[in-house]
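Novice: Swiss-Prot lists these features:
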| type | residues | note |
| --- | --- | --- |
| BINDING | Gly12, Thr13, Ser14, Met15, Asp16, Gly17, Val18, Asp19 | ATP binding site |
Amino acid sequence: MKNAYYIGLMSGTSMDGVDAVLVDFSGAQPQLITSHTEAIPSHLLKGLQRLCSPSTDEINRLGRLDRNVGELFALAVNNLLTKCAIAKEDVIAIGSHGQTVRHMPNLEVGFTLQIGDPNTIATETGIDVIADFRRKDIALGGQGAPLVPAFHQQTFAEVGKKRIILNIGGIANITYLPGNSDQVLGFDTGPGNTLIDAWIQQVKSEPFDRDGAWAESGKTDQDLLTQLLSHPYFSLAYPKSTGRELFNQAWLEQQLSPFNHLDEEDIQSTLLDLTCHSIARDMIKLSNEGELYVCGGGAFNGQLMQRLAALLPGYTLNTTSALGVDPKWAEGIAFAWLAMRNHLGLPANLPAVTGASREAVLGGRFSAK
């Protein structure tokens, strides 16, 4: 069978780099050919972080950063292809998520905004780009997120196996695969790595808490944890999605102001428990037992995985590598898959997950010609 090569590009809310993957979809399961992470230069990262918070002169900065991010994504593709013997002419399309700078689906006129000009990516790589995956779902009354459950369903579902796929990036989201004719469900549970990363960056100038070691050295404060878990988002019914608009450094500082007596490592431990408890609560509402497979950056945080296991005794806990998909690259592979679905004219959203009025082909195509 002829190879079906697609490239997936993903930069999440944690903004810890652009993940690029080359995937072959000609077989029954996606085959990861090669992968690459392109670091986000510090000046660009600062600009993106500024743009994620309301301020003045946003339109000019948005326009510049849209081009800058497009150039960075193109660089990621070109560097990816230097790692393998696949010519750009053999790649059917690039699926680019872009960089989210606003996700506000619950306004009267909801919207989501990802930047990273696909025209720039297409012209600088010579490969057609499929991008802007989320806004069609929002136009149909949906949340525009999460989009990965459709990929999880096709890749990980098995009759008779009750599974939850947990993606822990900046925000955590779950896909419930019931293993029978019941609906697949999925939604954002709340913060994943975003708050634990923000706190260690603020206090220790380190990009992330490696293996959760700093959190492990602290002790969770139950009063602070209770206050954090009282955020209205956690009691919302699904479909629901969230982002930095709700869970950000400004919100965290506001929550911490009555708790300035706490040691810094105790706050880190509490923030990690916020992630774990909010995930576990939502999982137990769906089912108190099953198979749990974790992907995303959180899969490499040993302390996070240990705490999740303690909160979910009815679940077996693994990463998606046990199902044949590297947890580091799972989301990039999902956006390559979304590009394939667009190319084939197939729907890629799950209305039961996003709340959209119907299934739809997602994304628009930007030609390299």
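Cβ from N, Cα, C; glycine included.
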Novice: Which residues in the same chain, at least 6 apart in sequence, have a Cβ under 8 Å from the Cβ of Met15 (ATP binding site)?
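Specialist: Expected: Ile40, Leu45, Leu48, Gln49, Gln99, Gly170.
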Novice: In the same chain, which residues outside the set Gly12, Thr13, Ser14, Met15, Asp16, Gly17, Val18, Asp19 have their CB within 8 A of the centroid of the CB atoms that define the ATP site?
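Specialist: Other same-chain residues near the ATP site: Met10, Ser11, Ile40, Gly169, Gly170.
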Novice: Which residue, out of the binding-site residues Gly12, Gly17, shows the minimum number of other Cβ atoms inside 10 Å of its Cβ in this structure?
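Specialist: Checked Gly12, Gly17; of these binding-site residues, fewest Cβ neighbours within 10 Å: Gly17.
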Novice: Reduce the DSSP letter at Gly12 (ATP binding site) to three states and note it down.
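Specialist: SS state of Gly12 (ATP binding site) = coil.
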Novice: Under DSSP, is Asp19 (ATP binding site) helix, strand or coil?
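Specialist: In three-state terms, Asp19 (ATP binding site) counts as strand.
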Novice: Which residues of the same chain, at least 6 positions away in sequence, have a Cβ lying under 8 Å from the Cβ of Ser14 (ATP binding site)?
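Specialist: Residues satisfying the criterion: Gly169, Gly170, Gly192, Asn193, Thr194, Asp197, Phe208, Gly297.
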